[in-house]
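Enquirer: For reference, the structure I am asking about is given below.
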């Protein structure tokens with residue numbers, strides 16, 4: 001996920017090209033979301049929580065508004081993160097907290113929308129059961145369970161988010177192992193740091209750091225070279241970032257010439273014509289596209305050798321080999337978000353509203369039911385439009401080489417997808433609340449009471465009048481939205 005998802009998505013601004021147009025578009029979306037979503041959600045939260053009678057519907061939307069309001073409050077940090085080109089000046093705790101809040105909002109919103117959908121379906125198909133069992137207490141209990149599950153789903157974000165320092169700038173990103181994910185710039189620095197030599201370079205017959213030529217057998221490929229590099233995820237550098245003389249700057253040059261380790265001796269009886277005394281000291285031998293450790297003896301069966309395919313790819317292409325292996329926690333996080341946070345709720349919503357439409361076409365329902373259905377369908381549609389690009393790009397990023405055109409496109413527009421997902425928190429109050437006739441009436445009345453209290457010379461009288469008006473109309477409030 002771009003900055004916080006990532007969501008979502010494992011890439012951060014640190015590893016993404018700074019494409020000005022998508023970033024500006026993302027900042028515009030986030031700014032509008034904050035400017036519209038903060039007062040909109042605040043108004044809904046105040047009116048639904050304090051001015052309207054507590055019903056099952058108001059409980060659903062009250063909790064949904066709370067989740068959206070938390071997301072809106074975190075948007076200024078996202079804007080600053082984009083404006084600073086990925087730098088994170090807020091410290092380690094906020095690096096963990098703010099992305100967690102965004103993910104918490106994501107799961108809480110989708111779970112609440114799913115609960116609202118199931119609730120509407122039960123009202124249509126089981127009206128008698130709902131009359132006996134559908135109450136505010138049950139709705140509050142379900143909302144509490146939803147918050148607990150959403151909190152559990154955001155724990156991996158809080159655990160794996162860490163601060164990285166690159167070029168004296170702090171970055172907020174995922175860290176899935178104790179040693180951290182090294183960037184190719186760090187790889188140039190010291191590839192053997194905190195690594196034991198025997199785990200990097202070994203020869204057959206080498207026991208306890210001693211080379212025993214007598215252990216070689218003539219028919220056992222005596223000079224087979226094996227390597228065992230620790231699993232580490234590196235990013236392929238661009239062509240411009242590599243030195244022109246990549247051979248002289250090869251990060252493997254020190255691996256094959258470790259200080260203090262004697263070069264292996266050629267067993268007696270082996271042909272040595274044209275052979276260098278210390279083949280491991282000859283960097284050209286390892287930079288050859290054919291990887292001939294012993295050029296003069298390449299055709300001799302006694303000098304057969306084997307090197308890992310990644311070394312062959314590296315030296316034949318003259319660049320690092322891109323490791324397509326993705327971290328297991330990242331795959332688990334992305335797939336869980338896709339299935340639990342998008343696919344399963346989407347299937348439930350589409351199925352329930354399809355059944356409701358069919359049922360309403362067969363029976364006679366009040367106009368209020370039709371209005372509720374239209375508002376709910378719009379809310380679900382907007383949710384799918386906002387969140388589908390985020391989840392799709394997250395899954396594609398797991399299986400796409402970032403050097404391909406598709407990979408570059410995903411990285412460039414990842415910020416836009418994340419901003420669009422956050423915009424869902426702005427649309428909800430205008431869709432499900434402000435479109436409702438009863439809510440518009442109560443909102444106008446509440447705003448009017450605020451203005452009267454602010455400008456009236458008789459504050460007590462104005463407040464008393466508005467309070468009486470609120471009390472007199474409570475009995476006429478409908479439970480539909």
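Count begins at 1; order follows the chain as displayed.
A Cβ is built for glycine as well, from the same backbone N, Cα and C atoms used for every other residue.
Here the structure is a predicted model, which means the values were calculated and not measured.
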Enquirer: Looking at the candidate ranges 375-397, 444-466, report the one that Swiss-Prot labels transmembrane segment.
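Expert: Range annotated as transmembrane segment by Swiss-Prot: 375-397.
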Enquirer: Residue 54 and residue 360: same side of the membrane according to Swiss-Prot?
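Expert: Both on the same face of the membrane, per the record.
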Enquirer: According to Swiss-Prot, transmembrane segment applies to one of these ranges: 140-160, 161-181. Which one is it?
Expert: 140-160
Enquirer: According to Swiss-Prot, which residue among 19, 194 is annotated as N-linked glycosylation site?
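Expert: Per Swiss-Prot, the residue annotated as N-linked glycosylation site is 194.
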Enquirer: According to DSSP, does residue 95 (disulfide bond) fall in a helix, a strand, or coil?
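Expert: In the DSSP reduction, residue 95 (disulfide bond) maps to helix.
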Enquirer: Between residue 95 (disulfide bond) and residue 174 (sulfotyrosine), how far is it from one CA atom to the other, in Å?
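Expert: Given the Cα positions, residue 95 (disulfide bond) is 10 Å from residue 174 (sulfotyrosine).
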Enquirer: Select one residue from 95, 172: among these disulfide-bonded residues, choose the one with the most other Cβ atoms within 10 Å of its Cβ.
Expert: 172
Enquirer: Could you give me three numbers for the topological domain 'Cytoplasmic' (119-139), the DSSP helix, strand and coil residue counts?
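Expert: So the topological domain 'Cytoplasmic' (119-139) is made up of 18 helix, 0 strand, 3 coil.
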Enquirer: So what's near the transmembrane segment (58-80) in sequence-distant terms, Cβ-Cβ under 8 Å and 6+ beyond its ends?
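Expert: For the transmembrane segment (58-80), the nonlocal Cβ contacts are 3-4, 27, 30-31, 33-34, 37-38, 41-42, 44-45, 48-49, 52, 89-90, 94, 98, 101-102, 104-105, 108-109, 112-113, 115-116, 119, 136, 139-140, 143, 146-147, 150, 418-419, 422, 424-426, 428-429, 432-433, 481.
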Enquirer: On the DSSP side of things, how many residues of the topological domain 'Cytoplasmic' (47-57) fall into helix, strand and coil, could you say?
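Expert: When I sort the residues of the topological domain 'Cytoplasmic' (47-57) into the three classes, I find 7 helix, 0 strand, 4 coil.
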Enquirer: Which site among 168, 174 has the most other CB atoms no more than 10 Å from its CB, taking these as recorded positions?
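Expert: Of 168, 174, the one with the most crowded Cβ is 174.
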Enquirer: Could you tell me the mean pLDDT the prediction assigns to the topological domain 'Cytoplasmic' (358-374)?
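Expert: Looking only at the topological domain 'Cytoplasmic' (358-374), pLDDT averages out to 65.
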